[in-house]
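Annotation comment: TrEMBL describes 1-398 as domain 'Major facilitator superfamily (MFS) profile'. Taken from TrEMBL, the feature transmembrane segment covers 6-24, 31-48, 54-79, 86-105, 117-134, 204-223, 243-263, 275-296, 308-333, 373-394.
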Amino acid sequence: MASWITSVHGYSALPWILVLPVMTRLLGRKIPFILVCMNTLIGYTMFYCSNNATFVLISEIMQGSLAASNMTVLILIVTEYTTPKYRGIFMTVKSTIFFWGVWIANATGTFFHWKKIAIYALVFSIYPFTVFFWPESPSWLAMKGKFTECAAAHHWLKGYGNDSEKELNNLIKAQKEYLKLRMGRNRTIRSRIKGFFEKMTTKGFYAPLLLSICVMSLYNFSGKFVCTMYSIELIKKITNSESTAYLGMLILEAVTILSMHFGSVLSRFLRRRTLLLGSSFLGIIFLLILSMYLYLISLKIIDENKVVSISLLTIFSMTISCGPMILACSVYGELTPIRFRSSSLPLLALYSEFLMASVLKISPYIFKALKLHGAFLFYGLSASVFAFILYKFLPETKDKTLQEIEKYFQETCTTKDLSKQLIVK
């Protein structure tokens, strides 16, 4: 039941992942977000009224829309409503706030009655209803041919600066060309099917999609999110003390949050690619060192020093927190081309939520079957594969408009040319 409560929101997000992108395409970004906010309030109210594990599980199932929106609606809102200069900061702050919520929930459950978690959640859930005062997304308005409303919304969000005007002109120009091309097509069922397969084989569609899948896989297979959700059990196995496990959990998560904020500062000065890959490789190294250390202890070659074990786990958490934990959604949101978002985002969100839920669900069995050293080795090797792929093919996205990023993956760009661009960047 504990593993189901931890992971079920990922599985319950799957149908919402199919519904929300359709709504965002037809109705805009605001209405789906309002629906998510209302459903979230209902879910947390039910969580507060729960009196057994079954009702807690049902309330977690209702939070599936919130989990789905994190990978669909919220990505669209943050990437489309913010300027390229500050987009990365907003995306990293978005990721950090999630783990602030985890830490507050853990601290509340440690020192107070667990139902107070629901009270805090309900209070914080009121703020998103400021969505009623937001303009609609300029990108969606341009996609619908509402260029006057698009310009007004764009100016409301980003002002009248030179960079803002340049971004607006490029957005309107690109969407006018796309709408003109679309109007000239014969929209029969046969042509739609043909267009679907053409899109699936277009480099501008599948190249960002595959890279985004690698980014999300690196995030989940690094093992950091698993360590966050099962931190009490992991620290208890290392220290053999329940009281120490609760205190260690709070300290470890506090270090994680501070590291994420430090990573947010670093993202202002370092390139996305440098920070993501550099922190990933450092985290993988310390994870493999921890695995080897615990393995030698299991063979009784060396004596266990709990301070060393906790220190290695903490350093691993710090390095992963500075990179993949704050940049995964940022890079994933920036790589997805505007014109393919209605197709790419559902596929990526389905993959990400299913992978996250499955990793959380099977992790207790991995720890049981492989022991701690084997589990850490599994996560270290898995993350290494995805980190190497991203090292070879991930382009730089910092301070680039969404239109500029999309140009990297145009169909006319050969694989050889793309590799040259990536090496230069």
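Using N, Cα and C of the backbone, Cβ positions are placed for all residues, glycine too.
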Run the contact check on the transmembrane segment (373-394) against the transmembrane segment (275-296): 3 or more C-beta pairs under 8 Å, excluding pairs closer than 6 in sequence.
yes
Near the transmembrane segment (54-79), which residues from the same chain, at least 6 beyond its ends, have a CB less than 8 A from one of its CBs?
1, 4-5, 8-17, 20-21, 24, 29, 32-33, 35-36, 39-40, 42-44, 46-47, 87, 90-91, 94, 98, 137, 139, 329, 332-334, 336, 341, 345-346, 348-349, 352-353, 402
Which range out of 31-48, 86-105, 204-223, 275-296 gives the transmembrane segment (243-263) the most CB pairs under 8 Å?
86-105
Stretch in 6-24, 86-105, 204-223 most in contact with the transmembrane segment (31-48), if contact is a CB pair under 8 A:
6-24
